[in-house]
Amino acid sequence: MKIQVNGDSREYGDNCTVADVIADLGLTGKRIAVELNKEILPFTQHNSQPINDGDRLEIVQAIGGGQDDYFTLAGKQYRSRLLVGTGKYKDLEETRLATEASGAEIVTVAIRRTNIGQNPGEPNLLDVISPDKYTILPNTAGCYSAEDAVRTCRLARELLGGHKLVKLEVLADQLTLFPDVAETYVAAELLVKDGFDVMVYTNDDPIAAKRLEEIGCVAVMPLAAPIGSGLGIRNPYNILTIVENAKVPILVDAGVGTASDAAIAMELGCDGVLMNTAIAAAKNPVLMASAMKKGIEAGREAFLAGRMPRKRFASASSPIDGLFL
Ligand SMILES: CC(=O)[C@@H](O)[C@H](O)COP(=O)(O)O
């Protein structure tokens, strides 16, 4: 049978368990956390857990969101689960400082609005956000048709010397900046066929998210709320359903307002969060970038730790048996 292990497709025999995969990876005896189909498995139980054909297993090589907790995107591993945009900053120096403070490894760039070489002689973002240090993620912000989005991705590929990873967004109107999902399907299909690794912005709609995964997108990015609104996660149950059904990384994209919003996305089991306005429009963008980094890390650790069940009534925090008095 075929299963996905940290984003790679691997073959195993029938009656395979998590322990077999751990042994195959040479990790037997290590303290590791395991996510099976986006559900974290209790540390004490994961070894005997059976695996089925088509399952998705994420091996996190240390309990906690420490150095060994990475996620895989289009075959590359990333430790930072915070992805940042580059718009709306006062100047390039502020962009540089906030990006550094965020700890992000992936930085998205609106190809239609940002000079990365299209306008020789103008200040170039890549002078402060170096592709040697960051994975540049060209995005199609400002595109309202599949045709425009595909053309923009091809331009980015030329400008960045054959770069394949792109963030697709096809917008429906200027008031909401909600995605035009029908046009997004068309663009995603064309881009995947053309060899792009497509991370796709979409509604918080589990059906659309699944369809985009089936088209072959390498990551699906449901919105938390409208772009630039800072409203936070409007529909946590939809995000949870998307996460639970996914076989590719799910990243919340757009609408995050502050660090607790980012933490909630991670607590829901998202693989990461992409944001721009919450950092760039903060009174102190560099400090907010640092807060977002910590929010993401805290949310990830809380997800790995496993939340206590919610209860309707109280239960005493100290034991009630064997009272002294
Ligand atoms: C930067 C980018 O790609 C935006 O289109 C993205 O959706 C971020 O949204 P916020 O600005 O609301 O974080």
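Here the Cβ of each residue, glycine as well, is placed from N, Cα and C on the backbone.
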Residue from Gly228, Gly269, Gly295, Gly299 that TrEMBL also lists as binding 1-deoxy-D-xylulose 5-phosphate with Ala254, Gly255, Asn276, Thr277: Gly228
Neighbour tally for Gly255 (1-deoxy-D-xylulose 5-phosphate binding site), based on other Cβ positions within 10 Å of its Cβ: 24
Lys167 (active site, schiff-base intermediate with DXP) to Ala254 (1-deoxy-D-xylulose 5-phosphate binding site) - Cα separation in whole Å: 13
Per DSSP, three-state class assigned to Thr277 (1-deoxy-D-xylulose 5-phosphate binding site): helix
Rounded mean pLDDT for the residues that make up the domain 'Thiazole synthase ThiG' (73-319): 95
